[in-house]
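Here the structure comes first, spelled out in structure tokens, and everything after it is commentary.
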Amino acid sequence: MDARERLIVGLDVPTIGEAERLVSTLGDDILFYKIGYQLVFAGGLEFARDLAASGKKIFLDMKLLDIDNTVASGVENIAKMGMSMLTLHAYPKAMRAAVEAAAGSGLCLLGVTVLTSMDAEDLAEAGYNQDPHSLVLSRAGQARAAGMGGIVCSAAEAAEVREVVGPDMAIVTPGIRPTGSDKGDQKRVMTPFDALKAGSTHLVVGRPIVKAPDPKQAARAVLNEMVGALWPANR
């Protein structure tokens, strides 16, 4: 995969009109887009279907979690939409149900381990007695056992997650901040170059591109930073 196949731009905007303008601005530079709750509830599912039909790859970030049958039914319908990736929380029974429902569809299911906006204090407040690092590795192992296609985790855990899940699973990393950019509300962040060197296979970049004065230039800067990490001489 080249950098263009690995960069996922998060369409973190409130309206379809804004998303359409952004996709038009970025043009052929960007192949892969993430669509989450904000846009889904503004009519984003139909927009996602249209983008996929136009040749773009879509990462539908729904973070599903429910009883097995409900998760399976949702995954079956999403698989028919031509999506490339779908997230669900990394709970074993839900993951197993999703894997069975997606079989043969080409949909890559991603287990969400610990949100990159969370740290140990946040987990403790939510009732977890594990630190983020330990919980990520535990859930990564459960995702592999369930037959998931990949993991969502911070780049800080990518190298150890790779040891847990083996060579074939995708490691999708949010919380990516290009060199010199603001961290925003993310607590576990890394640059594109460092994330790829750490073992991430796909990088999700939202606000540093979407909110940039010149999104196309910002996207190209990220791609260039990624190329630097992927170039054989830098391996």
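The backbone N, Cα and C atoms fix where each Cβ goes, and this holds for glycine too.
Taken from Swiss-Prot as is:
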type	residues	note
BINDING	ASP12, LYS34, 61-70, THR116, ARG177, GLN186, 206-207	substrate binding site
ACT_SITE	LYS63	active site, proton donor
Count of other CB atoms lying within 10 Å of the CB belonging to LYS63 (active site, proton donor): 16
Cβ neighbour count within 10 Å of ASP68 (substrate binding site): 15
